[in-house]
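Undergrad: Before I ask anything, here is the structure I am working with.
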């Protein structure tokens, strides 16, 4: 379908129009990143509880009728979901969605990038928290850097543009690699996006341990010491603010949910792999929509979306000590 989506009907009490839906396809992951889950992992939902590709396509179709036009597939690790390119084909062929993106750790991407591109995937984000193989292994608990790097190269060679790298900066862990990341934007057409740790699941332990890096302060430092300048080109509707280093092909992005919250412009909703709709990462409330989805009840589904958006708070309470109980692998990273 190629018709344009309607004007958003998902406008909350604070005037925010919601056009983006993050869809988790699995809560399983092939890494155990220290800021995401404990070393022993977390219980995973039975496969029978996951939304099917047909379920997801139905939900997205209804969301598009309400004005959503951007979908991001997440996990867990979404490439662990068998035949993911088929879901991309279904979304692009059977709904009015304009843009389908993927967030992945990259370990399986080298085998799937070309097929995903052919299926209609528009963009790829790769989570990569270190350029040092040993440090990468320590952060991810035995992840293989070379596989993640191969995934990045496969995304570039398959023609994805932009390719973005998501890097969670942790004080005393990987914040000494800034110059290496800046150099990567010079040697590769890649946007590197730094993120602040949030008090979500295991991430709360890192925040309490003093590993928070204030990216708003870091931006000022990089402008003063590295010649980094703002890049005004707007791509997508995400929260990142972009800058460019001298001579760089790619950009540096900064996502600052704690030091400079962007709640007033948040346009996102999240769908978990088991069919719960969340309007805000910082609020543990969620709305079950699997039953309505499996009945293929469009009106009931629309009502659930509208209620979730209506109840969305003005902003998070993380700076006041609130912690989100569920981890990112369950919520959709």
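Glycine is treated like the rest: Cβ placed from N, Cα and C.
Annotations in TrEMBL come from automatic prediction, not curation.
Annotation comment: TrEMBL describes 13-226 as domain 'Radical SAM core'. Taken from TrEMBL, the feature GTP binding site covers 22, 72, 103, 268, 269, 270. Annotation source TrEMBL lists [4Fe-4S] cluster 1 binding site at 29, 33, 36. Annotation comment: TrEMBL describes 35, 76, 127, 198 as S-adenosyl-L-methionine binding site. For 263, 266, 280, the entry in TrEMBL reads [4Fe-4S] cluster 2 binding site.
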Undergrad: Please identify, among the binding-site residues 29, 36, 127, 198, 270, the one with the smallest Cα-Cα distance to residue 280 ([4Fe-4S] cluster 2 binding site).
TA: 270
Undergrad: Taking the domain 'Radical SAM core' (13-226) alone, what is its mean pLDDT?
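TA: Looking only at the domain 'Radical SAM core' (13-226), pLDDT averages out to 95.
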Undergrad: With Cβ-Cβ distance below 8 Å and at least 6 positions apart along the chain, what are the contacts of residue 72 (GTP binding site)? List them in sequence order.
TA: 20, 21, 22, 23, 100, 101, 102, 103, 125
Undergrad: Which whole-number value in Å describes the distance between the Cα atoms of residue 29 ([4Fe-4S] cluster 1 binding site) and residue 76 (S-adenosyl-L-methionine binding site)?
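TA: A Cα-Cα distance of 5 Å.
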Undergrad: Residue 35 (S-adenosyl-L-methionine binding site) to residue 269 (GTP binding site): how many Å between their Cα atoms?
TA: 22
Undergrad: Among the binding-site residues 33, 36, 198, 263, 266, which residue has its Cβ surrounded by the fewest other Cβ atoms within 10 Å?
TA: 263
Undergrad: For residue 76 (S-adenosyl-L-methionine binding site), what is the secondary structure by DSSP, using just helix, strand and coil?
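TA: Looking at the DSSP assignment, residue 76 (S-adenosyl-L-methionine binding site) belongs to neither helix nor strand, so coil.
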